[in-house]
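The following features are taken from Swiss-Prot:
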type	residues	note
REGION	1-175	region 'Interaction with ANLN and localization to the midbody'
CROSSLNK	LYS58	SUMO2 cross-link
DOMAIN	108-167	domain 'SH3 2'
COMPBIAS	168-177	compositional bias 'Basic and acidic residues'
COMPBIAS	195-207	compositional bias 'Polar residues'
DOMAIN	269-330	domain 'SH3 3'
COMPBIAS	356-379	compositional bias 'Basic and acidic residues'
CROSSLNK	LYS523	SUMO2 cross-link
MOD_RES	THR565	phosphothreonine
COILED	577-638	coiled coil
Amino acid sequence: MVDYIVEYDYDAVHDDELTIRVGEIIRNVKKLQEEGWLEGELNGRRGMFPDNFVKEIKRETEFKDDSLPIKRERHGNVASLVQRISTYGLPAGGIQPHPQTKNIKKKTKKRQCKVLFEYIPQNEDELELKVGDIIDINEEVEEGWWSGTLNNKLGLFPSNFVKELEVTDDGETHEAQDDSETVLAGPTSPIPSLGNVSETASGSVTQPKKIRGIGFGDIFKEGSVKLRTRTSSSETEEKKPEKPLILQSLGPKTQSVEITKTDTEGKIKAKEYCRTLFAYEGTNEDELTFKEGEIIHLISKETGEAGWWRGELNGKEGVFPDNFAVQINELDKDFPKPKKPPPPAKAPAPKPELIAAEKKYFSLKPEEKDEKSTLEQKPSKPAAPQVPPKKPTPPTKASNLLRSSGTVYPKRPEKPVPPPPPIAKINGEVSSISSKFETEPVSKLKLDSEQLPLRPKSVDFDSLTVRTSKETDVVNFDDIASSENLLHLTANRPKMPGRRLPGRFNGGHSPTHSPEKILKLPKEEDSANLKPSELKKDTCYSPKPSVYLSTPSSASKANTTAFLTPLEIKAKVETDDVKKNSLDELRAQIIELLCIVEALKKDHGKELEKLRKDLEEEKTMRSNLEMEIEKLKKAVLSS
């Protein structure tokens, strides 16, 4: 059975699962058929747990617990010898003496490293590093991250922020000497073995102690052997500019451990800030408005909408688009630190969401300085990116914004106000009337044009016009005096084909009414309906007959047409319009129906032709079939 150590917290979802916490040891672990899950025993209870939340405890870590069997070797009993051979194996040169075992014990005792750069923890299980601190290395958790103890606190820290120290026989720690021609390599895994010296830190060249007298000879005189170095190309590139800083920051050979910071101080996280790259004006009440170069306190990156962050600026809290700002750090703005990669995604989909702590890599200071210099050397600022889409704005907000910005929606156009009644001109002319009168018959216009005389009483006409324009409140049709017909100046002009002149009307009234008259149309209609006979009498038996009329019949017709009131003319025009419109509609419908009937006739004819053809084909087929039957009958009878 294999043991595993818990790297991330996990809360059980089902009854057959284990709830595990960071640092716990799960015993007697075995793999299950289901991919991504293991089964083990914890606190007397056996259950399942995801394999990407734990790490297998390797055999090398058990050497620390074997101190008691090593002490028994001093007594020289056979049991200790058998245990030592089964643990370490039988060397090629024979059984080693006891002094060599003591050296191995001392060399595998501890690994220590010295902090070269400050590091602020981003998660609870990480250590806060200060320059010059000495950390006891426990193990390499994963590539780029080590587990160690600092100030009696166990936690994780990035391996590229420290430098491993060399441990001598006397238990003293010394910094590994940097050769000017060597390049720093990645961290190595501690793997103790018989007849071998401990690994050197970061692949630097040191002067190892020579091993003699155990049957191997002086085969390590050129230097120590590197075991299982896992140096990626990207890691070596990241660490190349680190060398001059390391050379400058190297202090004395030994330093005492500084215990100045408490655990609570190590858990304080730095505030996050953003620097705006482009100006932005908020379109909603919950959005921030900022200019280029302002610093926004970043509160949260999770707002429920992709592409939006929540922050605070000038005491106002709101959301803003993340592509208009770049994140900076308040405590350490010089460089962003490397992220730790997440654990392998072997477990089912929901399980990685339960990871409580996710490590982050942070790049080194020199790289950030280089990036900063390249940003400052950019020739021109890029164009502002497009604002990401946001949730639709409620109608009330949109209307308020439109009102505040001064935008007014266009209203429905009102009816135009009719012009004031025409005033008689010097020569007795009257302005042209509305186009509604164009619908009157052409014959009527011709009749009037033939009977148009000169106006003998211009003074009476002017007085009537002034009087009717003043009497807007009360209209009495009995007071209207008869007068001779008037001829418009454009009546004798050549006419375009299909166009008609406006109709004739009483000279005392204008066809265009003021708004007050339009409002009082019902009263006028009532008065007109009350005395139509009186109006006819007055018009037919006028005391002032026209001397210009040729016959009495034509005079009566002219008078009846001349003394039509504006209301009657308007009603007549409206009825004519309605009749004409309805007539046009009926004509269009009739034409459409005729087209439909013609189309149906054509389709019906085609169907009939098709049926006739089918019928003919059926007849021929039937006749052929009957002939075949007759032939078969004859053949049967003849046989």
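Numbers here mean position along the shown chain, with the first residue as 1.
Backbone N, Cα and C atoms are what each Cβ position is placed from, and that goes for glycine too.
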Quick check on the domain 'SH3 2' (108-167): DSSP residue counts for helix, strand, coil, in that order please.
3 helix, 35 strand, 22 coil
Secondary structure tally of the domain 'SH3 3' (269-330) (DSSP, helix then strand then coil)
3 helix, 31 strand, 28 coil
What same-chain residues, at least 6 away in sequence, bring their CB to under 8 Å of the CB of LYS58 (SUMO2 cross-link)?
none
Enter the number of other CB atoms within 10 angstroms of the CB of THR565 (phosphothreonine).
20
